[in-house]
Amino acid sequence: MPYFIDVILPIPLQRLFTYSITEAESQFLQQGMRVAVPFGKSKVYTALVYKIHQTAPEVYEAKEIQQILDEQPIITPQQLQHWEWIASYYMASLGEVFRSAVPSAFLLESETIITKKDKTEVDESLLKDDEFLIFEALQHQSLLKIQEISSILGKKNVLPVLKRLIDKEVIQVYEEIYEQYKPKLVRYVKLHEKYATEENLQKLLETLNRAKKQREVILTLFSLSATAKKPITVKELTKQSNASSAVIKALIDKEILEEYYIQRDRVSYNGDETEDSKQLNQYQQEAYETIQTAFQTQDVCLLYGITSSGKTEVYVKLIEEIIETGKQVLYLLPEIALTTQLITRLQQYFGEKVAIYHSKYSVHERVEVWNNVLHGKQKAQIVLGARSSLFLPFSNLGLIIADEEHETSYKQFDPAPRYHARDAAIVLAKMHQGKIVLGSATPSIESYYNTKINKYALATITRRYGDVLLPDMELVDIKEKHRKKRMKGHFSDRLLEEIEETIENGEQVILFQNRRGYAPIIECKTCGHSPQCPNCDVSLTFHQYKNQLRCHYCSHHIAMQQQCLACGSHELDTKGFGTQQIEQELTELMPNVKVGRMDLDTTRGKYGYQKIISAFEQQEIQILVGTQMLTKGLDFRNVNLVGIMNADSMLNFPDFRAHERSFQLIQQVAGRAGRTKKRGKVIVQTYNPYHQILQQVSVGDYENMFKDQLNDRRQFHYPPYYRLIKITLKHKEYNRVNESAAWFAKSLRNSFGDNVLGPEFPPIARIRNLYLKNILLKIPKQQSLGKTKEVISRIKNSFLSISEYRSVRVIIDVDTV
Ligand code: ADP
Ligand code: ZN
Ligand code: ZN
């Protein structure tokens, strides 16, 4: 009897593929193990075993597998079940899910790049002949593709050799290399051990009777250590005791004080010892109990707690309870909100049980977390991660927390599967019979609506921790200010006054600008020309730092022009403004103030983001200028003023969610102000102070914003009343996109009539040399989603069988955001 396996290949084709195996292999193999298989003429893929059986395929002769790659399954049955849901719901292939679900190190394949492993000493005598050939080739060439290795060895099956070389630490599979982070060391002091006893201390103080300044320092150190049981930095001591650094140095030299250094991000995490979680206040406690009660009958609960209400501490209590039972916890965050601040906070409570899973971590680190989760290790009982952590091999997931649930960056856009991590998490929790908390200070319209119809439970916290009031928000009419000549650059007199006052008080400022770059667009004053990207339908934007014009879509760049490319005129104007320009205006207006900037350009690399955050925390920076990134759950103690440079660009964005998003964004940025004692202040500059959303956000009126938006959504047939599927067609020829999109839309209209919108060119109709055209399908609640998708798939198949259209790319985005 012959034996076969059906496998999942990491490619976009919908089906499984059958390969033949021996009887012995059939006994060894299990679902969830990887095998290397030949595919097409010369490719080798890593495939995942789905099913073992004895039915030969009907239309083709099954090839043999090349190699078994695992001793045990690396994918659990539950995981596969979840993958199948994602593939089917988001109209992707199981192979696409496989590809994005596992760390790339699990997918050795013909495109993989091999490099020499640095640093390790290789004992050549231990290498077999074929291993040595590759080793030698890598002495001459820094990287090799699998194809090349295949020709060096003169055989197709190279995976076993590679696997051996990886085990021997000779080579590594290509991974991105990030800039090195130098941990910041902070200088601390403490009293020398000699003076630990009361007696010696008394003597010391007596001897210092004549050295007034030194005595003052010691006494200050005492009072500081008494009030805060934490290490004292030299900086703080200098400040509090008004002593010069020379005085402190003298004390250190005399061995009265002892200095030591701690790495900044480790300060509060001392390895194995953990802290007790905080006692919840009345409002947190109520929310916590509401969630507990809700979980007796429901699986999903929305925690709607205003900024700085202490949602994290509520999560911590819920996590404590779950891990007691031995179950696993997944704490999901949008990529960008995953900060060291939160990591440190959770490690304080849970120590080593917290594992981080993040795309900026190396493949190696990710594989490690994967394996720890797979083996149910304590070390990864709590996983803190971005959306891809949904794909980890959990076996016993008791609780998921999806924090900042309103963030649209939870939706994966490219490549497929285009899943929404929050929604896929709800399904995942169900599969494990676990519970899920969605948390936000500004819930998405969809989730809040779901609480109204009792699909989700709701818990709320309406006060900030410590009863600090939400910041006072002032709308400043910059049209008026311009008219009255009260603007300096992009700053109104009101904003400048508030900045000055805040800085004088020794507090910090955050300025939010919804754009990066210096002055996005260069325009010729003579002929109006502005340099365009040759690949995309957008103007290039000016980046002062590199003195370049860059495309934000494809990274095309040219040097900044001195002359108009069209007419040669030297009079060029800069239009629009970005974070860089704000930063520069500020340094001119307030030369003595330290200004920092946080946007995509300044936060590249694994620790780029962290560096800026620590500098701000340490108060090395007084004013932080930034984009969206600033909104994400950061907890700074000393920020008292938030300025929003221009609220209009967000409000005018052509999208049905623009108003909801503007409300959320402004509310979230505002939430960074006044988090501790004093009420904070927010200044919103706008040309449109009477805009309803601004009026609502200025008084924090979420309820009315929700009602209005819901009315609009009902009237114009948008979520939560209708589901949306967006179909995008892409091709390098304009006409072909046009014609094929018209065909596709017409076919859809045959089935769905007026619920089909478009085809239409998006605002940027060409990206990376491909023209785009969108069709939007609105699906009423009573229409079956499954049947709708079947129709779309059928239309897509017919579409691809038309020879002129075959080369058009069709992208289907279910629940597009
Ligand atoms: P949110 O996530 O709701 O914006 P956080 O959880 O970041 O709020 O809490 C805001 C601040 O209040 C944090 O610095 C946190 O340490 C503090 N805090 C919250 N709850 C408590 C508590 N029960 N006891 C002590 N401090 C708390
Ligand atoms: Zn010109
Ligand atoms: Zn471009």
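Glycine is no exception: its Cβ is also placed from the backbone N, Cα and C atoms.
What TrEMBL records for 292-461 is domain 'Helicase ATP-binding'.
Same-chain residues at least 6 positions away in sequence with a Cβ under 8 Å from that of CYS524 (Zn(2+) 1 binding site) are, in sequence order, SER530, CYS564, ALA566, CYS567, SER569, GLU571, LEU572, ASP573. The DSSP secondary structure for CYS524 (Zn(2+) 1 binding site) is strand. According to TrEMBL, the Zn(2+) 1 binding site annotation covers CYS524, CYS527, CYS564, CYS567.
If you look up TrEMBL, you'll see CYS533, CYS536, CYS551, CYS554 marked as Zn(2+) 2 binding site. Every protein chain considered, the tally of other Cβ atoms within 10 Å of the Cβ of CYS554 (Zn(2+) 2 binding site) stands at 15.
Residues or ranges marked as domain 'Helicase C-terminal' in TrEMBL: 559-714.
Taking a Cβ distance under 6 Å to any atom of ligand 2 as the criterion, the binding-site residues CYS524, CYS527, CYS533, CYS536, CYS554, CYS564 reduce to CYS524, CYS527, CYS564. Per-residue confidence over the domain 'Helicase C-terminal' (559-714) averages 86 (mean pLDDT, predicted model). Listed in sequence order, the binding-site residues among CYS524, CYS564, CYS567 whose CB lies under 6 angstroms from an atom of ligand 3 come out as none at all. Cβ crowding, taken as the number of other Cβ atoms within 10 Å, peaks at CYS533 among the binding-site residues CYS527, CYS533, CYS536, CYS551, CYS564. Among the binding-site residues CYS524, CYS533, CYS536, CYS564, no residue has its Cβ under 6 Å from any atom of ligand 1. According to its DSSP assignment, CYS533 (Zn(2+) 2 binding site) is coil. The Zn(2+) 2 site is defined by CYS533, CYS536, CYS551, CYS554, and by the 8 Å test on Cβ atoms against their centroid, the other residues of the chain that qualify are PRO534, ASN535, VAL538, LEU540, HIS552, TYR553, SER555, HIS556, ILE767, ARG768.
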